[in-house]
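These come from TrEMBL:
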DOMAIN    16-288  domain 'Aspartate/glutamate/uridylate kinase'
DOMAIN    322-382  domain 'Aspartokinase ACT'
DOMAIN    404-463  domain 'Aspartokinase ACT'
DOMAIN    476-612  domain 'Aspartate/homoserine dehydrogenase NAD-binding'
DOMAIN    620-816  domain 'Homoserine dehydrogenase catalytic'
Amino acid sequence: MPPADASPRPAPSCHVHKFGGSSLADASLYRAAAALLQDPARPRVVVVSAMQGVTDTLITLVALARAGGAWADEWNTLRARHLAAADALQRDGSVHAELEAEFDALADRLTALAAGDSDDSTDALPGLGEVWSSRLMQAALGGSEAGWHRLDAREVLVVHAGEMGMAVDWADSRARLAAWRAGRGDSNVVVTGFVARDAKGHDTTLGRNGSDYSAAIFANLFDADALTIWTDVDGVLSADPRLVPEAVCLPSMSYAEACELAYFGAKVLHPQTMAPVQERGIPLWIRNTRRPQLPGTLISPRNEPGGVPVKGLSLVRDLAIVELVGNGMVGVPGAAERMFGALRGAGVSVTMISQGSSEHSICCVLRADQAERARDAVAAAFADAIGDGQAQGVTLTQDIAVLAAVGDGMVGTPGVAARLLGGLAQARVNARAIAQGAGERNLSVAIGAGDATRALRAAHAAFWLSPQTLSVGVIGPGQVGSALLVQMSAALPSLRQRSGLDLRLRAIANSRAMVLDERGVEPADAAARLGGGAAEAVDLDRFGDHVRGEHLPHALIVDCSASPTVAAHYPRWLARGIHVVTPNKLAGSGPWERYAAIQDASRHGGGRFRYEATVGAGLPVMLTLRNLLDTGDELFGIDGMLSGTLAWLFNRFDGTVPFSRLVREAQALGYTEPDPRDDLSGLDVARKLVILAREAGRALSLEDVDVENLVPEALRAVDRDTFLARLEEMDEPMLARWREASAQEKSLRHLAQLDRDGRASVGVVALPAEHACCHTRLTDNLVQFRTRRYADNPLVVQGPGAGPDVTAAGVFGDVLGIAQSLGSPFGLAHPWAADARAEVIA
Ligand code: ADP
Ligand code: ASP
Ligand code: MG
């Protein structure tokens, strides 16, 4: 056994970190990135992208120069940006000087290009951004004095163009890296991403977004025990967050899943990233530079069991379908082979293939820019069969996108395809072709390009959202609206946790302004947001469109305004399946035609219309009535005290105090409308009675109600001040009625009545002392239902029936009632829903 000190010292394993351009936009972000690397326990290798947007600018500069255009301004701006970052980060002037020299060299190349120099090494110029960035990162980390070396990947990384993109010459690269490391020990290194060199020694790049791939290659070459890719999102999300705002971060996934997602367009990872780390089983973390406290996504050989069977959804656009149709091909061997042979011959790569078992048609999805070539090649290969009538022909459909659902858990889980297609059906997206590999890890659906975003959102909702997710808009945060927002703010978190009820306030409006927010408005912030700079002029059609947003399963608008303009929108919203809840009496008691239009729209469009708070505020009046009728009871009549103001007045009126004084007192207590005639006229009570009668199936309108107006004739047309000044004119007639009633040992009460024949009246009546209405307190409302089951002893609902808090509670109750009754619009129970919900909540 060799002596211990003679054995080669095992190199301490290192951790490779990669920062994308999105995390490197200016000097302060380089500093923030450097701060994330404080792990002195083991060597660190940091792979950097160019500063944000630099690769694009370099590509533009080259194109401009080639076309003979003016590139100097862009070049100057780019140079100034880098020099400013260098000045902020470096200790001496060395980085500044190096960058100046490199920008001068770039200017020389651009000048040569503009002069017609066709040097093909210009393909490598876009990689300069990574070279500059590596200098800035080295400076941010304290430079070589702090033990940080800089490695230009072009010195060691040798690649060649392979079938699936750039492939690494591993042996060569490994030997070159070993040579570079010799004498440098296990030091910390900053490496340029994206760039490499070919076997002939020419500079090249790994393709757009290739720094992720660079990072994985260097993790392999350095024998790293971990790779962290730092970016601007929390990890790999269930879908592209720019298209699906409620995408969730996936805690873990397998290399294979990540690979499928990346190949199908998830920009967060370059598709070739996984292979080099998978080969050595190196765990790969995706984390957010701006939220380093989060764990991010772990991509590793292991796949955590359980949870949603689909890990992610992605979209590939700019595709086309080429389809070969032929009755005569049924059972003929070799048709598929001939078709794919033709495509291979034409250099066309196929994204997706679908063939029905009848073999009547074979359908390929391929890149749009290769589609005509593909069609012509297939047509040529089948020219004989087409001539003989065995094949009908080859068709080409442009403007296609493919939606892919990816996940190891799809293997052997029934119902995944049903759920995906159910979601698409819900969003009215037509599936043109469907394919699932026998591996069951990827389910792909070809759809029209115009449907792509809608399809992605609908599919996402079908897999990830609680079936009781509602997109909510609130209009008119006045007193009731504000109270509702306070109640929602307090209740929403526990509703989400306890019952999976996910109410998302996504739009708010008052009579002037509105705020539409994709991710949601915190109810407590709603008022401030409406008054803030981001508010826009109110537009109820856009408000409805936003609330309906196709990516959430259900939509609901709460109208707390008293605006006829808003009420006029109800039929339109209900017809689109948007539920409407309101404490506003206008619609329920307005013209019969509008009421009928609302009911009609609701029946056909599926949106429900609820207005419990219009009668008795938070008291369960409508609910009770509906339950009676729905369970087969028969309504004989309704008696009720439906106005808190009038209830209070007649509770207090005992002949000792003039009625006018009580009216003034009620006004001072804030019980009356600003003009007390609005209460005394009985009209408001009549509206409530109309609402109740209609709910009971009677086609009653306001004109049909016999309303006693308590305001004397002479005071009805005068202005408000005159009315208040002459209030005493009410006293004498009111006192006379009281005397008459008390002579019969009765009390006066203001009552709304609906009888069995549909006759409706509102006014003051004298009731015997034992009547329930004579046993109410303060502003109590009371409603008596006389029905077949409750014939002798009526069913009574009684309690405080006014005030913003109880009214808002009535509105909130309606919202919850609707939410709780909603199932999945996708029409299928899904066994993994509970797990999915847990993940979303966590
Ligand atoms: P970097 O500059 O860090 O390499 P990229 O812009 O290349 O960052 O990739 C991150 C972006 O990828 C995110 O900001 C996000 O918009 C987009 N993206 C697309 N699909 C996904 C997905 N499934 N998960 C996470 N991000 C995604
Ligand atoms: N800077 C390169 C690009 O923008 C590589 C990368 O950022 O991954 O494509
Ligand atoms: Mg990237």
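Each residue, glycine too, has its Cβ placed from N, Cα and C.
Per-residue pLDDT, averaged along the domain 'Aspartokinase ACT' (322-382), amounts to 86 for this model.
Counting Cβ pairs closer than 8 Å and at least 6 residues apart in sequence, the domain 'Aspartokinase ACT' (404-463) and the domain 'Aspartate/glutamate/uridylate kinase' (16-288) reach three or more and so form a contact. Of the candidate ranges 322-382, 476-612, 620-816, 476-612 contributes the most Cβ pairs within a distance under 8 Å of the domain 'Aspartate/glutamate/uridylate kinase' (16-288). For the domain 'Aspartokinase ACT' (404-463), the number of residues in each DSSP class (helix H, G, I; strand E, B; coil) is 29 helix, 14 strand, 17 coil. Each residue in the domain 'Aspartokinase ACT' (322-382) gets a DSSP state, and the totals come to 28 helix, 17 strand, 16 coil. Counting residues per DSSP class in helix, strand and coil order gives 69 helix, 25 strand, 43 coil for the domain 'Aspartate/homoserine dehydrogenase NAD-binding' (476-612).
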